[in-house]
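Participant: In case it's useful when we look at the structure, here is the feature table from Swiss-Prot:
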{"type": "COMPBIAS", "residues": "33-59", "note": "compositional bias 'Basic and acidic residues'"}
{"type": "COMPBIAS", "residues": "68-126", "note": "compositional bias 'Low complexity'"}
{"type": "COMPBIAS", "residues": "242-261", "note": "compositional bias 'Pro residues'"}
{"type": "MOD_RES", "residues": "Ser53", "note": "phosphoserine"}
{"type": "MOD_RES", "residues": "Ser155", "note": "phosphoserine"}
{"type": "MOD_RES", "residues": "Ser157", "note": "phosphoserine"}
{"type": "MOD_RES", "residues": "Thr161", "note": "phosphothreonine"}
{"type": "MOD_RES", "residues": "Lys218", "note": "N6-acetyllysine"}
{"type": "REGION", "residues": "1-170", "note": "region 'Disordered'"}
{"type": "REGION", "residues": "69-121", "note": "region 'Necessary for interactions with UPF2 and UPF3B and UPF2-dependent NMD'"}
{"type": "REGION", "residues": "156-242", "note": "region 'Necessary for interaction with PNN and exon-skipping'"}
{"type": "REGION", "residues": "240-305", "note": "region 'Disordered'"}
Amino acid sequence: MDLSGVKKKSLLGVKENNKKSSTRAPSPTKRKDRSDEKSKDRSKDKGATKESSEKDRGRDKTRKRRSASSGSSSTRSRSSSTSSSGSSTSTGSSSGSSSSSASSRSGSSSTSRSSSSSSSSGSPSPSRRRHDNRRRSRSKSKPPKRDEKERKRRSPSPKPTKVHIGRLTRNVTKDHIMEIFSTYGKIKMIDMPVERMHPHLSKGYAYVEFENPDEAEKALKHMDGGQIDGQEITATAVLAPWPRPPPRRFSPPRRMLPPLPMWRRSPPRMRRRSRSPRRRSPARRRSRSPGRRRHRSRSSSNSSR
């Protein structure tokens with residue numbers, strides 16, 4: 001009994017030792033597997049951390065870009081607002097040195113532009129003034145130039161030297177007129193028309209021609225409304241007739257041709273008459289013959305039907 005108990009105890013001790021050894025020292029294969037798993041886990045953790053860090057970096061970059069773009073747009077809007085405020089109100093002061101310098105520049109530029117615009121609107125530039133003055137001077141100088149040209153073209157009207165004397169009595173003769181009008185100047189010619197039936201009687205008017213136009217004017221002043229043989233007369237100046245241009249010779253119309261002689265007219269007419277019936281006769285015969293045949297054929301076909 002004691003031996004069996006000792007054996008049991010020894011077996012139990014061996015089992016416990018085996019258990020302890022199994023728990024204390026694992027096998028080398030298990031150790032390798034565990035080390036591989038740990039290394040894999042570590043590599044996975046590292047990859048995940050790298051990916052997360054890269055993602056974080058990308059997010060940070062995008063955030064920085066957005067913030068930079070928003071900041072630049074905000075700075076642009078601020079600078080534009082400050083410049084507009086500076087141009088509209090030059091007395092307003094800005095907080096920053098950069099904004100103050102920008103506003104002062106924009107204000108100065110706006111003031112210079114406004115001053116230039118006001119000066120341009122109020123008083124035109126010298127070049128515009130010159131242009132306007134040239135236009136005005138040209139427009140003003142055009143009509144007198146035209147008048148001068150017209151005056152140059154029109155020759156000065158000659159002063160009259162001939163005087164018409166009317167309402168004369170039949171007792172007045174050329175000698176009487178010569179005596180009266182010779183007191184005002186030298187007379188070149190006296191024309192006193194006479195009646196055909198009674199050549200010793202005048203028609204009641206006369207023409208007196210002086211050598212100088214001044215003498216003719218004197219005679220007009222003194223004798224217009226004067227009396228000769230107890231009757232008032234009229235004295236008027238006679239203007240010299242304008243020299244008429246010679247009449248133009250009208251050229252004969254080109255369409256009208258000179259008539260042909262008789263010996264040329266007759267042969268072509270005879271030839272035309274002789275040729276025309278010869279040409280027409282065969283054409284008429286040809287045109288009639290097929291018509292008759294067709295008419296006959298149609299009538300025959302109708303009768304057969």
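Any Cβ shown, glycine's included, is placed from N, Cα and C.
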Participant: For Thr161 (phosphothreonine), which residues of its chain lie six or more apart in sequence with Cβ-Cβ distance below 8 Å?
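Facilitator: Result: Lys188, Glu209, Phe210, Glu211, Asn212, Pro213, Glu215, Ala216, Ala240.
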Participant: Restricting to the same chain and to sequence separations of six or more, state which residues have a Cβ under 8 Å from that of Ser157 (phosphoserine).
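Facilitator: In sequence order, Leu239 meet the Cβ cut-off.
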Participant: Counting each residue once, how many in the region 'Necessary for interaction with PNN and exon-skipping' (156-242) are helix, strand and coil under DSSP?
Facilitator: 19 helix, 26 strand, 42 coil
Participant: Averaged over the region 'Necessary for interactions with UPF2 and UPF3B and UPF2-dependent NMD' (69-121), what pLDDT does the prediction give?
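Facilitator: A mean pLDDT of 47 is what the model gives the region 'Necessary for interactions with UPF2 and UPF3B and UPF2-dependent NMD' (69-121).
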Participant: So if I draw a 10 Å sphere around the Cβ of the residue listed as 'N6-acetyllysine', how many other Cβ atoms end up inside it?
Facilitator: 16
